[in-house]
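Remarks on the structure that follows.
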Amino acid sequence: MASSKLVLVMCFMISAFGIAIGAKFDQEFDITWGDGRAKILNNGDLLTLSLDKISGSGFQSKNEYLFGKIDMQLKLVPGNSAGTVTAYYLSSQGATHDEIDFEFLGNLSGDPYTLHTNVFSQGKGNREQQFHLWFDPTADFHTYSITWNPQRIIFYVDGTPIREYKNSESMGVSYPKNQAMRIYSSLWNADDWATRGGLVKTDWSQAPFSASYRNFNANACIPNSSSSCNSNTTTSTNNSWLNEELDNTSQERLKWVQKNYMVYNYCTDSKRFPQGFPADCLQNS
């Protein structure tokens, strides 16, 4: 609770709570690369990224965020998507950057996507958990969410928690809490590693590959905002993410996902960590 009060004070001092519900992509994001392969359509309600043999494409948020709840609906590359990666993540900049990752690793037609998650703090990652999904992520839009507060980071798919990463500073493990992060997304070729460790290459006869985005929502603290927070805003239910934790029902749903759909967990990889698992695994296994 004390850490939640701390972030409230921080937000009062340096920022405002920004709320972008069903926000327009042209108002909230900049297309950063791709030479026309990224497009904002439908009066700003839809964004598409494409990849061909020459280039992929990407975009980033205009705002930086320091804690918040971020939602985005994605429809992934259909068909034979092997070798492609659709990345959607929060990140700061520099060698000691913080980062919170969703990465969708493509596969051959009929084989499942792998949803790769990771958390970086002070430039250190290696906290991977990977999942298959319980639906076809290419058939329709699905909501992928990140809740980031001083106590924990929770990854959600369609409102179902798939991963919780708890603050382990008491164990000497750094936690993302001091660096504001932008939202980034890109569609790119990674056939040297993305599908079966690089054994399956991108089939360029299927290009261009395309992923779509809609319904971006952000309820977050925006550093250096010109407006100021007020007590009515900070105590509203809209900012329940500041103290969000998983209740018993959500814990059961998390266990269901991890039992049935988790395909990799760094905290159980004894070959990778023969000298013992990282300290944060004590409460994040």
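One-based numbering along the chain as shown.
Glycine too: its Cβ is placed from the backbone N, Cα and C atoms.
Among the features that TrEMBL reports, active site, nucleophile is placed at E99. Neighbour density for E99 (active site, nucleophile): within 10 A of its CB lie 18 other CB atoms from the protein chains shown.
What TrEMBL lists as active site, proton donor is E103. In sequence order, V85, T86, A87, Y88, Y89, L115, H116, T117, N118 constitute the residues six or more apart from E103 (active site, proton donor) in its chain with CB-CB distances below 8 Å.
Annotation comment: TrEMBL describes 19-213 as domain 'GH16'.
Cβ neighbours of N107 (N-linked glycosylation site) (same chain, under 8 Å, six or more residues apart in sequence): S81, A82, Y113, T114, T195, V200. Taken from TrEMBL, the feature N-linked glycosylation site applies to N107.
Here TrEMBL flags 1-22 as signal peptide.
Over the domain 'GH16' (19-213) the predicted model carries a mean pLDDT of 95.
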